[in-house]
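Asker: Let me give you the structure first, and then I'll get to my questions.
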Amino acid sequence: MAPNLQPQPQSQLQRPRLKDHRPWSGLSNISKRSFRSCATSAFEADDERSSSDGDMSPRNSEADLRRPVVPRHFGHDARPTSRRELLGWYAYAFAAETYVICGIASFIPILLETLARENGVLVSDRKTPCGSSDSKNDGDGQCIVWVFGMEINTASFAMYTFSVSVLVQALLVVSISCAADHGNYRKKLLLTFAWIGSFAVMSYIFITKDNYILGALLTVISNTSFGASFVLLNSFLPLLVRYHPDVIEANVATTPDLGSSEFESRPLDQSVGQLESSPVTATSPLLHPEDGGRLKPTASHAEITSKELELSTRISAIGIGTGYIAALFLQCICIGVLISLHNTTWGQRVVLFMVGVWWTVFTIPAAMWLRPRPGPPLADNGRKGIMAGLAYILYAWKSLFKTIQQARRLLDIVLFLAGWFLLSDAIATTSSTAILFAKTQLHMKPWALGMINVISTTAGVFGAFGWSWVSRLFNLKAHQTILVCIALFELIPLYGLLGYLPFVKNWGVFGLQQPWEMYPLAAVYGVVLGGLSGYCRSLYGELIPPGSEAAFYALYAITDKGSSVFGPTIVGAIIDRTGTIRPAFWFLAVLVGFPAPLIWFIDVERGRREGAKLAKSITDSIVQEEDESDDGAERRGMLSDYEREHGQSIDDERAGR
């Protein structure tokens, strides 16, 4: 019996229209997801196109075909990373890194200690004003100052200020992580904190002996803004790597271009003749050898991981090196200004003003060239203004605890963050401790202290670019390169502890007993920092689950800056207890060595697999929640239509039965 192929009446095929024009209730979940996935990127005009964008060469056409053109969410920017976008990323490192080298690691602690000392008295009688630290005699006692009713050593004033600033910074970073991951806020927040931080640094020009507490407040504001902006900058790095043309090409299998091959240009009889002349057996290849060579298999997961890690490390190293070059140039200018102004407090304030101006001016290219790269928007909860901002902050803190729970499932993330917690604290504490040691114990003048940072920055440039060459030469993995840097880093506190050996102390040299000894140690510190800054950031970026960059980099920043609350505080307590800085080298020696075992056990390939699985589970969970929400809304809408049409509710109808 033949099947009935007659068309059914239209009334039997069409679904009854719902009243009140509720078009969305009649759409399937698939249709809605298709609408979301096919939304175009209309968030901003494309002002980042280079002059080569219009080039219609075959190479560009092939690259265009490999673009990930299907957006993941409304406003998703899936364009390949452009050269101008990379320059914008480097530009902000060029602008802001000067604050770290010339400001927080050099002249800010010097200025804070100087201002505190000008307001301090000797602990021996608590009446005699303290002299300048660069001319202090060995027989002088401790210099103390009262801050909010607390008696602290003037050398500890800067350490405690740094601790407060990084605590505030950690709290702020958590609060903004949600806005960075969701919506078109990543770039906006980056620029906002850049302007706030740079203007705060310029405001040091107004700080005097009478309002030195305001100088500490500016330190908190500027350091907090810098840290928040760099968290946002770091969250761009995985996106720049993911959409880099080299990575896109590695992820897509290459197929033969038959239109440009010899199949198209050869006469038909020659092609057939060649095929007929070739004996065909069970083991014959499907393609002719010369045609099969045109096929390129898709890169393996390990090869893609290696490619992304190499690219991430290179971009990160260039960013660090670019920032170091800028800081080196500006530091030399600042030293010249200090010498011309006779190493006065006014000279220190002027150079900090110059640092703020530099930060402001060179943020402009980053603002012009860096693409926003929006994340998926949050669900509209109907809140506006301040309430919407509070909702974002609350969601960010909830996300932090959720991110911590997710990170606990990633072994390599846990190992890295634990090691980075200690290592970043050691980096920050060693820098500030060394500057204060040189100023208060070795009595070095401000221009000489500035030379310490010139040497460390110069060495940092070679370290940023040289460690990649070293790792290739010795075939070192990223975590192995970090371990080598840690081993060199350990030499700094150990050298300071040599001053406790009686025979070294009798020599009067070595063990940080002479000012010139600070310079070779500064070179070691710079080389180490140049490697750690680039490799740690890129290694962590490869372990982050895709789609959670800002949230996990917020956790990275909390681990980084949050740990720096402890180091300076402990060193400050040691100074208050002993009256000298040298005992702090015992603490630094332990702090530098602890991260090594944790870094040793990191496996990047395993970490990327676990991160990808976690990202997939998060996506599946979100899709399932959306499906359930859409199904529920559609059922409620259909039920409402039915009730309006029949004049009674389902419950009433059941009750009537």
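Placement of Cβ uses the backbone N, Cα and C atoms for every residue, glycine included.
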Asker: Quick test of your reading of the annotation: per Swiss-Prot, do Ser124 and Ala407 share a side of the membrane?
Answerer: yes
Asker: Look through Asn29, Asn343 and state which residue has the annotation N-linked glycosylation site in Swiss-Prot.
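Answerer: Per Swiss-Prot, the residue annotated as N-linked glycosylation site is Asn343.
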Asker: Using DSSP, what's the helix, strand and coil tally for the topological domain 'Vacuolar' (406-409)?
Answerer: 2 helix, 0 strand, 2 coil
Asker: Please check if the transmembrane segment (350-370) comes into contact with the transmembrane segment (92-112), where contact means 3 or more CB pairs closer than 8 Å and the residues in each pair are separated by 6 or more positions.
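Answerer: Yes; at least 3 Cβ pairs under 8 Å.
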Asker: Could you tell me what the rest of the chain brings near the topological domain 'Cytoplasmic' (503-515), counting residues at least six beyond its ends with Cβ under 8 Å?
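Answerer: For the topological domain 'Cytoplasmic' (503-515), the list is 437-438, 441-444, 448, 495-497, 521, 582.
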Asker: Using a cut-off of under 8 Å between C-beta atoms, tell me which stretch among 92-112, 385-405, 410-430, 555-575, 584-604 contacts the transmembrane segment (516-536) the most.
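Answerer: Answer, by Cβ pair count: 410-430.
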Asker: If you average per-residue pLDDT over the topological domain 'Cytoplasmic' (576-583), what number do you get?
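Answerer: For the topological domain 'Cytoplasmic' (576-583), the model's average pLDDT rounds to 86.
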Asker: Any contact between the transmembrane segment (410-430) and the transmembrane segment (213-233)? By contact I mean 3+ C-beta pairs closer than 8 Å, pairs at least 6 apart along the chain.
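Answerer: In this chain the transmembrane segment (410-430) does not contact the transmembrane segment (213-233) - fewer than 3 Cβ pairs sit under 8 Å.
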Asker: Sort out for me which stretch, of 92-112, 213-233, 385-405, 555-575, 584-604, has the most Cβ pairs below 8 angstroms to the transmembrane segment (318-338).
Answerer: 92-112
Asker: Three states by DSSP: which one describes Asn343 (N-linked glycosylation site)?
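Answerer: In the DSSP reduction, Asn343 (N-linked glycosylation site) maps to coil.
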